[in-house]
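Q: Take a look at this one; I'll ask things after.
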C-alpha cells in the first residue's frame, strides 16, 4: 500500500514510515540539539516533556554534548511506565572526527553508554566531511581553518530539507529505491552562528508560507512540517517548550490541499543553510 494509504489507517501519533529492513520510523522526530546557553538540566526536562507529549522518535547526536541528559530522560520515562524501550525510535550520529572505520565502534559504544541504551534504532554519519581525528570536535590549524581527514565518503550523506531546499530530485530517487528520507532543518534550521549566514532569508517569515498559515489558521511552522509529511518525508522538529511540542503534534490534525502543496513546491530556491564543506 502507498505511504498515504498507510497514514490514513494509523493513529495520528503512530504515523510511521516502513524502512527497507522491515522496521518503522515515526514520521515526526523530537530534536535534542541545544545551544551552550541552555542548561543541561533543561534538556532532561524538555526530553521528558517531549515523550509525555507523544513524541516517540528521539533524535540525538554526540556533537550536541547532551546525550547523557537525553538518556536520563528516556530512562525516567521508561521507569515511570510512560513508554517501553521498544516504543521509542532513538537516533544518534557519528561525529566527523571518527569517520575512520576503526573509530566507529568505540564512538557508538560511547554514545550507548551516554544514553544508557543497549542499542540505537538508527546511527547516522553526522556530516559528509571527515575531519582530523582527536579530542577537538572541530580541529583547526594555526590559521583557524578546519583540518580535514582523507576518508572515502562516496556513500556518506545526510540531508537538509525545507521549503527553500525541497530536495525533490533526491526524494524521488529515494522513493524509487525504497529509502526513507529524513529532513533536518525543516523549519530553516536554528540559524546558529557561525554555521548559518545570518543575512539569509528566514523560511518561517516567507510571505507565501505566512499567508497559507493564516488561511489554515495555523502557524507557518506547522504548514512547513505538514508539507514534508505529505511528501513522505520523515521530519525532525526542535521544541523548546511544552507549548511548541503540543503545537507540533497538531501536524496530524489537518491536510494541505494538492493545490497548496504545489504552491509550496514553488518556494524552492535551492538554498542550503548548512554548507556541505565546512
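Every residue gets a Cβ built from N, Cα and C, even glycine.
Keep in mind that this is a model prediction, so the values were computed, not measured.
Features from TrEMBL:
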{"type": "ACT_SITE", "residues": "64", "note": "active site, proton donor"}
{"type": "BINDING", "residues": "126", "note": "substrate binding site"}
{"type": "DOMAIN", "residues": "28-138", "note": "domain 'NADP-dependent oxidoreductase'"}
{"type": "DOMAIN", "residues": "157-268", "note": "domain 'NADP-dependent oxidoreductase'"}
{"type": "SITE", "residues": "93", "note": "site 'Lowers pKa of active site Tyr'"}
Q: Counting by DSSP secondary structure, give me helix, strand and coil numbers for the domain 'NADP-dependent oxidoreductase' (157-268).
A: 52 helix, 11 strand, 49 coil
Q: Could you give me the DSSP helix, strand and coil counts for the domain 'NADP-dependent oxidoreductase' (28-138)?
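A: For the domain 'NADP-dependent oxidoreductase' (28-138), the helix, strand and coil counts are 51 helix, 18 strand, 42 coil.
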Q: In whole Å, how far does the CA atom of the residue listed as 'active site, proton donor' lie from that of residue 93 (site 'Lowers pKa of active site Tyr')?
A: 10
Q: Return only the integer: C-alpha distance in Å from residue 93 (site 'Lowers pKa of active site Tyr') to residue 126 (substrate binding site).
A: 5
